[in-house]
Amino acid sequence: MDTKGSTVTISSSTPPQNCSGNTNVRTNSSNKSCYHDVQSTGHALQTPQGQGCRPSPCLYRCPNYLIRTYSFHPCPDDCSRCSDGINSHEKETMQILNERLASYLEKVRMLEGENADLEDKIQEECSKTLPILCPDYLSYYTTIEQLQQKILCTKAENSRLVSQIDNTKLAADDLRAKYEAELSLRQLVEADANGLKQILDALTLSKADLEARVQSLTEELLCLKTNHEEEINSLQCQLGDRINIEVTAAPSVDLNQILQKMRCQYESIVETNRKDVEEWFNTQMEELNQQVVSSSQQQQCCQKDIIELRRTISALEVELQAQHRMRDSQECILAETEARYTALLAQIQSLIHNLEAQVAEIRSALQRQNQEYEVLLDIKSRLECEIATYRSLLESLDGRLPCNPCTTTWEPSCQARAMECLTPVYTSISLPGIHKPCRASGPPSRILVKICTITKEIKDGKVISSHEHVQPCYITRPAKV
């Protein structure tokens, strides 16, 4: 059935292959490392000569393919007939297309098998002939990564230890400050206790003194009592019964009551003194306690201030050390920069001196070349004068030449100031065996002039170098009738 003029697109899971034309099949495999081009007509593998399979990575492409669009180009005469045939015979068309698809799939499978065999062979050849480009550094990479991990862990551990050391130093500073505060407080308490002991000793001494005074007073009272009784007894014994005087007087004073009163007075005095002393002692103790509490509070405040000041001092010392290190680094950088720029300046100075020397040499060379150019211009003018002179001489001597066909040569020479050497040669050409009359027109004559230029370089009156250059020059003179 005729299927011209229709366009059919069929989806498949295999790569496309055109059965009627040349189509390149590109296969990609995840475990292969090369691309292989296979033509469907000849089934030949195209690889460059002298090159193996290169280990360049292959681009991965999904194994799902779309068969390309097949266009069947109809003839202009059969367009309507083809469209009618397709519309009327769809089943036959689909059957034909399915048969073609089956044959196409069989060819694709065959080509895939051949391509796989060729890839295996190429892989074997490449594995046999492929040189080792570079050693395997994977083990070293793993070792390097492990060492880098260890280095990072060590750095983290070092930073943690440094932070712990700093914290320990701060805690030690706090404990040292607390110890010093407690030590100063203990010293103050010991000083207060020593003062109180001294006060207690003074009070015990005053108490003992008062007790001694009371005892001495009681002893004195007893002595007075005994003396009084003795005096009374002695007076009674002296008087006896001789005098009996009745005296109406005031009743006698009871010494016991008086002594009792005195004792009560002294005891009250002692009690008042004791109370006064106790009150004074209590007031002193309260004042001392208040002073101790206030001093302890002030000391704690001072200790806190001291701790804060020490922390501030430590932070300032750290900052000062950092500033010192920064200053040292900046000084080193400045010194390096100065040294680098000094070296660069020296290089630039040397380059400037070299350029100045080159400029001076170029100027001297230009002056020398200018002088040589002037000399050469002078030589050129003289040579032109000489050439004109020789030309005039040749023209004047032309009438004197013989008429027979023979070759004559005339070589005049001239030397001017040992710098130029000219050798003109006059030649006239004639053929042997042919005689011409004198008045016949002959061939043109050629004059050979040799220009010898001697260049001498003179310095301080001495010839340094000398160069000689010989340049031939031909002058053509037309023949005269």
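Sequential numbering from 1, following the chain as shown.
Glycine is treated like the rest: Cβ placed from N, Cα and C.
Just so it is clear, the model here is predicted, and its values are computed rather than measured.
Positions annotated as domain 'IF rod' by Swiss-Prot, on the basis of sequence analysis: 90-401. The region 'Coil 1A' annotation in Swiss-Prot covers 91-125. The region 'Linker 12' feature in Swiss-Prot is assigned to 238-253. Residues annotated as region 'Coil 2' in Swiss-Prot: 254-397. For Ala339, the entry in Swiss-Prot reads site 'Stutter'.
Computed over the domain 'IF rod' (90-401), the whole-number mean pLDDT of the model equals 84.
With helix defined as DSSP H, G or I and strand as E or B, the region 'Coil 1A' (91-125) counts 35 helix, 0 strand, 0 coil. Per DSSP, the region 'Coil 2' (254-397) is made up of 143 helix, 0 strand, 1 coil.
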